[in-house]
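Residues or ranges marked as domain 'Cadherin' by TrEMBL: 53-139, 140-249, 250-355, 362-466, 467-570, 571-673, 685-795. According to TrEMBL, the feature signal peptide maps to 1-23. Marked as transmembrane segment by TrEMBL: 813-834.
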Amino acid sequence: MDLLSGTYIFAVLLACVVFQSGAQEKNYTIREEMPENVLIGDLLKDLNLSLIPDKSLTTPMQFKLVYKTGDVPLIRIEEGTGEIFTTGARIDREKLCAGIIVDTHCFYEVEVAVLPDEIFRLVKIRFLIEDINDNAPLFPATVINISIPENSAINSRYALPAAIDPDTGINGVQNYQLIKGQNIFGLDIIETPEGEKMPQLIVQKELDREEKDTYVMKVKVEDGGFPQRSSTAILQVSVADTNDNHPVFKEDEIEVSIPENAPVGSSVTQLHATDADIGENARIHFYFSSLVSSVAKRLFHLNSTTGLITVKEPLDREESPNHKLLVLASDGGLMPARAMVLVNVTDVNDNVPLIDIRYIINPINGTVVLSENAPLNTKIALITVTDKDADHNGRVTCFTDHEVPFRLRPVFSNQFLLETAAYLDYESTREYAIKLLASDAGKPPLNQSSMLLIKLKDENDNAPVFTQPFISLSVPENNSPGTQLTKISATDADTGRNAEIHYLLGIDAPSEFNLDHRTGILTAVKKLDREKQEKYSFTVLAKDNGMPSLITNATVLVTILDQNDNSPVFTHNEYNFYVPENLPRHGTVGLITVTDPDYGENSAVTLSILDANDDFTIDPQSGVIQPNISFDREKQESYTFNVKAEDGGRVSHSSTAKVTINVVDVNDNKPVFVVPPSNYSFELVSPSANPGTVVFTVVAIDNDTGMNAELRYSILGGNTKGLFMIDQTTGNITLKEKCVLADLGLHKLIVKAKDLGQPDSLFSVINVNLFVNESMTNATLIYELVRKNIEIPVTQNVETTHTSSPSSDYVKIMVAIVAGTITVILVIFITAVVRCRQSPHLKAAQKNKQNSEWVTPNPENRQMMMMKKKKKHTPKNLLLNFVTIEEAKADDADNDRNTVTLDLPVELEEQTMVKYNWGTTPTTFKPDSPDLAQHYKSASPQPAFQIQPETPLNLKHHIIQELPLDNTFVGCDSISKCSSSSSDPYSISECSYPVTNIKTPVSVHTRLT
């Protein structure tokens, strides 16, 4: 078992080694004349190809017989299995191996290519042709004439011409028989050193020419084949006169060499023979034996008299390199002398090499058609070069004459495989005329050439190429459907169907375009509108007709050129602007927006106002409307005009829009009290009135509109006992509690009327005097009481606006502390200055009052304060008011405030109260009102005190001044935008300074003394 395993492994290794070498040989033995379709062998098994390790093959294994064009092969091979069979061609050994003398073996050689390229091998198969007995032996002539001297001794032998049988071995000549020998002659067979069987005639009885001079017999020759074949010839024996000495050659065997280019007539050798006889019996006649081949007899001439052998015809070593000349020398006797002349024809370089092309890829009309996609090392043909010359003269090399993508790879000593050495490209070279050159090594060398044509078959390996990978074109809008835009072209380096190009639109192409599949003409099938789409970018495809087809794309950018086909479009058909009535001249009313879908000059819109309106101007480009007038809603509430928009096209288009400017009310009118008509009027209130009874209705009006004219009423002060309350909307003052005896008398309420204007509201205050008593018996006394009561300070209910909870940020606290400290220092300084400038009589009054005016009045000592004021003679034209500046600390979470208070006395002159003029148009400031600011500066001994805009405020402050007896008090809700150019000198408009980052709330209160 181990021995078998080792043998098997050795066989596998040997097969792999042989297989990897690329060339193998295999011998078979066949008999001639075999019928058709006889199995000779199996290459797959015989070459052990089944032992080759599996490989990934592109195609199945294939066996391809390689033979010369025009030859009729004697065998065939099944390409799929490798089985070898005979064909219908006759296998004739005698024809295949004609002229072979020495070597009795006859071979027939073919080459087989094993495909595909991954396992390519070339196998040389030699078939040993076994002889069969298909030829009968034949004598050189049908009649054999021989002369025998009459004095021939018994048992004398005479040579007869030998028969010739093309078969060999046992199938050749084996036996001779003499028929009808008449007991006078016998036949014997001798075998020469060359293995030839030579018949000899034996004389068995004495001859007597005078008795009988001619004997006629038959000679039969037989071979040893099966079935046996034979032939006969007539043997005619003539009895001749006696010649008892036969010739003798000087040399029995002669070997000579002669070049194959020896001219005709050249001497080969001179034979010498002698005969002891004399006379005619000594005359020697030289002649070739019948065993000499016909070729030798054709090439050489033997002089029968002299024995000189000369060249009869031109020699060709390649045809016959050597010749055996059996020369007989006869003196007429029965036993001629024999001499063997061996002529060796020496080689001369007289043969050009031969190139034999055997195609592995079958040619079509003599041309190999090869795909341009053929892989490297694709086998095309087996090239066999031969030279009939010998030695150096027959040593041949083969090559190509120029650089081609093919190479000759040696496989045997004189055979080459033509295969691809580089990748092929049909587009660069479509066909190759490969000139094969064969040259021998002779001096001088002889050359031979042969042309091999290879045409490449085009494969679809080139995609179409656009002449422009990016196609940009422009087309005016409003085109006619079907307008040709451009012609798109592409080229394909392939040929035939592979180069036929079809043009297609990509999937991203819009429906507005069409592309002719054949011509590549791009058309717009729809009317294009630049205003809908200005640019189109899409893909076009070029597709060839190859299998599989190849596709290339290009980008097309179509830019639509504008035409003035659109009129300017207003964003609204009608514009309504709302402007405040305090808008300054040349301020901005609003913006008219106009669009024009066109482009460039066609979209350059110019705006203008129609109807020759000089009240307003409009910027032609920006569309900003500005007034040339000052607005006053109370005079004119709205303005209407038309605006024209015209584009800049060559044929311009225009459109118009209606513009309405509505003047919006500004809170520029303070509320004006109508009821009560003055600070000195009063109303009688019955002490028996029940709680909830409306005792008086305050009425105020505001010339503004909307929220600016909506009023809210409140009681600022005087309601110390909380006896009354007021409805903030209606102004109805109702009794809150049942009156008691202590409530009888005059009650002065300070009522505030505040509008809801934005961003800053305006307000006015008035004294409402309510006289609680059962009856009014003396009106003059009450008026006097009211007048005097005006001079009595009233505890005011101060309104403040709550701020948001203070921040706990440390930095803000420190800033607040610093600001508070600065404020205290500033207040102390101002107080000192004010006191220094007080008039002497005011200083005396203040000393008499023990500085009571610097004390903030409390409800508990109200009566005491009133009694003190009655005793003192306060000047009638002077009313002392105090402004309290209160700084709120940010660290009180319950809104409890620590205040630093500075009381500033102010002298006010009494002025007569001006009644409300119903016939005048209200403005922001009444022109007939006194200028309180100027009064303060002229009449007050103290310098005017101002809170600078930089003061950090986040609360609304109320400055409440007690006016002269005949004026209505007007105040501000906040300190902001206080106009020094106000037309009403007695009005203090509502102001609010901008709030800075330091939020230190400061409250300003009025303290009455």
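Even glycines carry a Cβ here, placed using N, Cα and C.
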Inquiry  = As a test: from 53-139, 140-249, 250-355, 467-570, 571-673, pick the stretch that has the greatest number of Cβ pairs under 8 Å with the domain 'Cadherin' (685-795).
reply    = 571-673
Ask   = Do at least three C-beta pairs under 8 angstroms join the domain 'Cadherin' (53-139) to the domain 'Cadherin' (467-570), pairs 6 or more apart in sequence?
value = no
Key: the domain 'Cadherin' (53-139): DSSP-derived helix, strand, coil residue counts   = 7 helix, 32 strand, 48 coil
Key: Composition by DSSP (helix, strand, coil) of residues within the domain 'Cadherin' (467-570)   = 4 helix, 49 strand, 51 coil
